[in-house]
Amino acid sequence: MVKSQPILRYILRGIPAIAVAVLLSACSANNTAKNMHPETRAVGSETSSLQASQDEFENLVRNVDVKSRIMDQYADWKGVRYRLGGSTKKGIDCSGFVQRTFREQFGLELPRSTYEQQEMGKSVSRSNLRTGDLVLFRAGSTGRHVGIYIGNNQFVHASTSSGVIISSMNEPYWKKRYNEARRVLSRS
């Protein structure tokens, strides 16, 4: 019996391999139209829904990439104080932060002023906001404020009181002053 143990081990090791081979060969059996289940459809007939799923997946990946880039910029600038007209780490204003973010993270040149930035891209309703959209607010009778939407009703911006921060658009101050959103990043 001692001499037969190595042979028995080889046989026992081979049984799972044989079982897997048999199961896998069943997967490669010919599937003709007559032996398909009624609820099974050919892939070609679902091209449009598959394309829609692929488009949704690609949009999700792009949104994750856009948010990641914006958050990288935020991490680099978090807490930098506000300075009207500023565009450096010694102090930056809202439009300067937006301009630098889009230049450094997306290679996109936006104008320097909030007034000019609000004319860029296309108008987007609040219910259709996407990560990377510009969100614009009224501040006083002629003042304007701009930030970058990052999802979940949040935006990153250079605030006059706290410097570069993330704020909620649902905070009473911002909710009351929300004006519009602009889409400047293409998703193609």
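The backbone N, Cα and C atoms fix where each Cβ goes, glycine too.
The active site, nucleophile annotation in Swiss-Prot covers Cys94. Sequence-distant neighbours of Cys94 (active site, nucleophile): residues of the same chain at least 6 apart with a C-beta under 8 Å from its C-beta are Tyr82, Thr114, His145, Val146, Gly147, His157, Ala158, Ser159.
Swiss-Prot lists 64-185 with the feature domain 'NlpC/P60'.
Under the heading N-palmitoyl cysteine, Swiss-Prot lists Cys27.
Annotation comment: Swiss-Prot describes 1-26 as signal peptide, evidence class sequence analysis.
In the domain 'NlpC/P60' (64-185), helix, strand and coil residues by DSSP number 40 helix, 41 strand, 41 coil.
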